[in-house]
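Residues annotated as [4Fe-4S] cluster 1 binding site in Swiss-Prot: Cys13, Cys49, Cys83. Summarising the annotation, Swiss-Prot assigns [4Fe-4S] cluster 2 binding site to Cys148, Cys152, Cys155 and lists sequence analysis as the type of evidence. The domain 'MTTase N-terminal' annotation in Swiss-Prot covers 4-125. What Swiss-Prot records for 134-368 is domain 'Radical SAM core', and it gives sequence analysis as the kind of evidence. Annotated domain 'TRAM' per Swiss-Prot: 371-431, in sequence order, evidence recorded as sequence analysis.
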Amino acid sequence: MERNRYFVWTVGCQMNVSDSERLESALQGVGYTPAEQAEDADFIVLNSCSVRANAEEKIIGKITDIQRIKRERPDTKIVLWGCMVGPNNQSIFKKKLPMVDHFVSPSAVDEVLALAPNPIYQLDEPALPVADWQVPPVNVHVPINYGCNMSCAYCVIPLRRGKERSRPMEEIAEEVRRICARGAKEITLLGQIVDSYGHDLPGRPDLADLLEYLHETPGLVRLRFLTSHPAFMSEKLLHTIARLPKVMPDINLPIQAGDDQLLKVMKRGYTVAKYTKLIERIREIIPNVSLSTDIIVGHPGETREMFERTLEMVENIRFDKVHIAAYSSRPGTKAADMELDPALAVEHGEKQYRRIALERLQERIATERNEECLGHEVEVLVEEFTKGKWRGRDRNNKLVFFEADGDWYGKVVNIHVTETRPWWLGGNLIGETLAIGA
């Protein structure tokens, strides 16, 4: 078997994907080549997620699948990386998963890289979060802060990723410059709570300052960011989004529930009225904004009446997208302790009922909102050609499909919308747009 081949398998959020892509870039920089399957690799990395139980189950299943490789080739190195690996559970995992050689905490790319046997080269410069530059990606995700200082009752992330740590502005800017110089057009800034960026840095720069700092990067066409928390969505940030043409009017602002009592139990730090007032202010400052949110159904203590108030809230605000999850218990969290009380636990069937009811409501709302685009022109950054059509995203992050001859990859085009569905738009190509920064 060819030596110095790696296999990276990733589950979880976009932060995990970005970490894995950065690791792959670094491994290639020290002389490794990617393997299409774990059986062909001598260095195997599993980047894990612990936000939901099914994500952990996927990783355990994958480890079970590859333990045969370890039996056949004992010198193969296997690394479990990511949010499953906390400061207090490594000894447990070592007993439970003896086929794994190393356990590494989230985002520690350099630590994983140091475990790769027999590197051929040394890295000349920090690796970029892109696994393959043969065809430059249109959109690249760049983490700007790690960890979380909040203490939401249901969330295990602070226990696994630790306290917030912001990257210096110049470090981020240099990375963005290098990425755009290689051909990327759109940068999405990532953070567990991205709008709390900078509070731990000298001078306390914030996300608005960072957006301003990155805005004139040569080659940069679009800037996005996710995920935000209502507590840090400042007037300064909103006015910056409205003023800077490369910053897309697209905000993900999780509310998690539409009942004040449940929000207090979740330790979210706001009421429905306060959140709704913020939404109204966002729409006042950025009239063309697209708004998405996250909602958990079946959280311990959520009654049917509380859920009905969540439906009412969604109907009133009319989000463009709602990411819906049935509550999943996470060991070590306040909510997991609550679920031990049968009076507070929500049965599986009831969770699914609530999830489906909310999905149906949001599908209707998304259908109605997208129908408002019919007959209008939208500006689309083209990301790929798939199934005979070009696909991209408009400024509001809506998927847009169109048919056209020629090569439109990475170009910004105007599309006349002739067709809508709940989750995408379709239309006819008008022509290329002279995008700012292109």
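Every residue, even glycine, has its Cβ placed from backbone N, Cα and C.
Fair warning: this is a prediction, and the values are worked out from it, not measured in the lab.
Shown on the structure are the features that Swiss-Prot records.
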residue: Cys13; record: [4Fe-4S] cluster 1 binding site; Cβ neighbours (10 Å): 18
residue: Cys49; record: [4Fe-4S] cluster 1 binding site; Cβ neighbours (10 Å): 23
residue: Cys83; record: [4Fe-4S] cluster 1 binding site; Cβ neighbours (10 Å): 26
residue: Cys148; record: [4Fe-4S] cluster 2 binding site; Cβ neighbours (10 Å): 21
residue: Cys152; record: [4Fe-4S] cluster 2 binding site; Cβ neighbours (10 Å): 20
residue: Cys155; record: [4Fe-4S] cluster 2 binding site; Cβ neighbours (10 Å): 21
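Other than the site residues Cys13, Cys49, Cys83, same-chain residues with C-beta atoms no more than 8 angstroms from the centre of those residues' C-beta atoms, the [4Fe-4S] cluster 1 site, are Val11, Gly12, Met15, Asn16, Ser48, Ser50, Val51, Ala55, Gly82, Pro106, Ile157.
Computed over the domain 'TRAM' (371-431), the whole-number mean pLDDT of the model equals 98.
The [4Fe-4S] cluster 2 site is set by Cys148, Cys152, Cys155; from the centre of their CB atoms, other residues of the chain with a CB within 8 Å are Met150, Ser151, Tyr154, Val156, Ile157, Pro158, Gln192. Rounded to a whole value, the Cα-Cα separation of Cys13 ([4Fe-4S] cluster 1 binding site) and Cys155 ([4Fe-4S] cluster 2 binding site) is 14 Å. Put simply, of the binding-site residues Cys148, Cys152, Cys155, the one whose Cα is nearest the Cα of Cys49 ([4Fe-4S] cluster 1 binding site) is Cys155. Across the structure, Cys148 ([4Fe-4S] cluster 2 binding site) and Cys83 ([4Fe-4S] cluster 1 binding site) place their CA atoms 13 angstrom apart. Cys83 ([4Fe-4S] cluster 1 binding site) is 12 Å away from Cys155 ([4Fe-4S] cluster 2 binding site) when you measure Cα to Cα.
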